[in-house]
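As given in TrEMBL:
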COMPBIAS  163-185  compositional bias 'Polar residues'
DOMAIN    188-308  domain 'Heparan-alpha-glucosaminide N-acetyltransferase catalytic'
REGION    159-185  region 'Disordered'
TRANSMEM  114-137  transmembrane segment
TRANSMEM  195-215  transmembrane segment
TRANSMEM  230-251  transmembrane segment
TRANSMEM  263-282  transmembrane segment
TRANSMEM  297-315  transmembrane segment
TRANSMEM  336-357  transmembrane segment
TRANSMEM  420-443  transmembrane segment
TRANSMEM  450-468  transmembrane segment
TRANSMEM  488-507  transmembrane segment
TRANSMEM  519-536  transmembrane segment
TRANSMEM  556-574  transmembrane segment
Amino acid sequence: MDQALLLVRNELPAPGLNLAARSGSCHQCLYQFLAFVPPSNESLRKPGTASVMVDTQHPLTLLLNSSVGDRDLCKIQYHFGEFGNYSLVVKTLSTSTQTVSCDLIINEGPINSYLPILFAFLVYMGILAILIAGRLLMKIDPVRNWIYKKLNPRATDRMINSELGSPSTDSINSDPTPQSWSTGSRQRLRSLDTFRGLSLVIMVFVNYGGGKYWFFKHESWNGLTVADLVFPWFVFIMGTSIALALGSMLRWGSSKWKVLRKIIWRSFVLILLGIIVVNPNYCLGPLSWDNLRIPGVLQRLGFTYLVVAALELLFTRADSGTWEGRFPALQDILPYWPQWIFILVLETIWLCLTFLLPVPDCPRGYLGPGGIGDFGKYPNCTGGAAGYIDRLILGEKHMYQHPSSGVTYQSTMPYDPEGILGTINSIVMAFLGLQAGKITLFYKDQPKQIMSRFIIWGIVMGVISAILTKCSKEEGFIPINKNLWSISYVTTMSCFAFILLLLIYYLVDFKKWWSGAPFLYPGMNSILVYIGHQVFANYFPFKWKMQDSQSHAEHLIQNLTATTLWVVISYILYRRRIFWKI
């Protein structure tokens, strides 16, 4: 999978050639030796050959040089196709000038490994079209009455006999929700659950493998893939929910001390679930403190929730009426200036530790992946200050042992993407989500104000990101980096989050063109779905033995099936009114 066969034919005489390669996704990396190509046998007129497997996920730069003297002969940049068969012919064009040519020939064309994605998209769009068509048909009285009669013949007969006429829309509603539930649901912003569910569904899909496509895996270091979007969105919407939930609890008469105890308990349970349930691999033996990973997704969520919820509890008010101040347009910001000062101090701490903390044998302010990056100058400096702090406080054995930088940059140091220093910026991310929640509270009867402020915040975050990154993947002041949870990563993800929440709010809560399904259901049972998909990841029907483990199509089918099953499970739980809350 994600490889092609390259046959190198060397028609040059002794001393032979060295073949090396560098991936286009590896920034400032050393060339990696692939093979020695022997010289041609002039007496037999037989070229020297060597065959290697090359990566097809990203463009490669191939470098051929003489094995003696290290003279570069040719350099070729090419994006190979999966399962393709290629030949690289090296020969002399002119004996007098010793001009060497390197010609790449396609012996057997590659397959299109992206067709399964297109097919899956069409299947899901077909299912969606059928559901929409069915919903529209149910609005036609004769069709609705006929279906209702077939499904409930006795009830229909009783209606006819009692001369009630044709059933009304309310009487045939397939949702057996009590009136009290539907009344409460109107007060709940469905767009928040939909946003959370969308993030969770993508998270489940990428955690299950994402069809083994590289863009459904985390970026090796700087940059973004689909997999890098979902966790910060989940943190963002958690912050939004904090604003709404705390205000609601205080309006219902709960004391701040009671709410604080609940916040501490929930944070403790999340951290405990992350350490004991999600992180361990019980297949490797009993749980042992010697090699137990301490950081993790739920641990970061728990600690982030604790800080942001406690911060909000200090300043939230039971009623969210209009603030009577000099600048009413800033009523969701100015009353909470101590919170902003706290967040700015936190961010200053992150910047100082990241750029000023001395790290042994590493340059100050280093943000690179180590390994073969930066031309191999700092192989043991993965993550700079962030990695150093984790290794110093947690110990190498209590960190993530297989970071995404290990494959591309061949880094050997343990590095945890949910480490201590990055948690500071996850708090900032949740606080920006909290700001979205305050907007919805202060302008609850003014949906256009809510949407306009979402747009403004999205633009502001986008401008900050553009400045920090210089609109570049690698050359900015602070590149976008999920492993580091850099501040540019937070502002970029917040920009996307505000715009996406705006779109969902417009469709679901403002225009009511979309119910939020199917993402609404996992969004209302997010903790259960997240923990369940982790615990049962290796069990049937979420995973089974494949006939061809080198097929993107089979991996995609398995991962989409598992993800869809969790959506179905969350829908069944929703219908039965089963919600796991901490």
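Cβ atoms are placed via backbone N, Cα and C, with glycine included.
Using the rule of three or more Cβ pairs under 8 Å, pairs at least 6 apart in sequence, the transmembrane segment (556-574) is not in contact with the transmembrane segment (336-357).
For the domain 'Heparan-alpha-glucosaminide N-acetyltransferase catalytic' (188-308), DSSP puts the residue distribution at 90 helix, 1 strand, 30 coil. Relative to the transmembrane segment (336-357), the listed stretch 420-443 leads the set 195-215, 263-282, 420-443, 488-507 in CB pairs under 8 A. Among residues of the same chain six or more beyond the transmembrane segment (114-137), those with a C-beta under 8 A of the stretch's C-beta atoms are 143-144, 211, 213, 552-553, 556-557, 560. In summary, the transmembrane segment (488-507) does not lie against the transmembrane segment (519-536): fewer than three C-beta pairs, each 6 or more positions apart in sequence, are under 8 Å.
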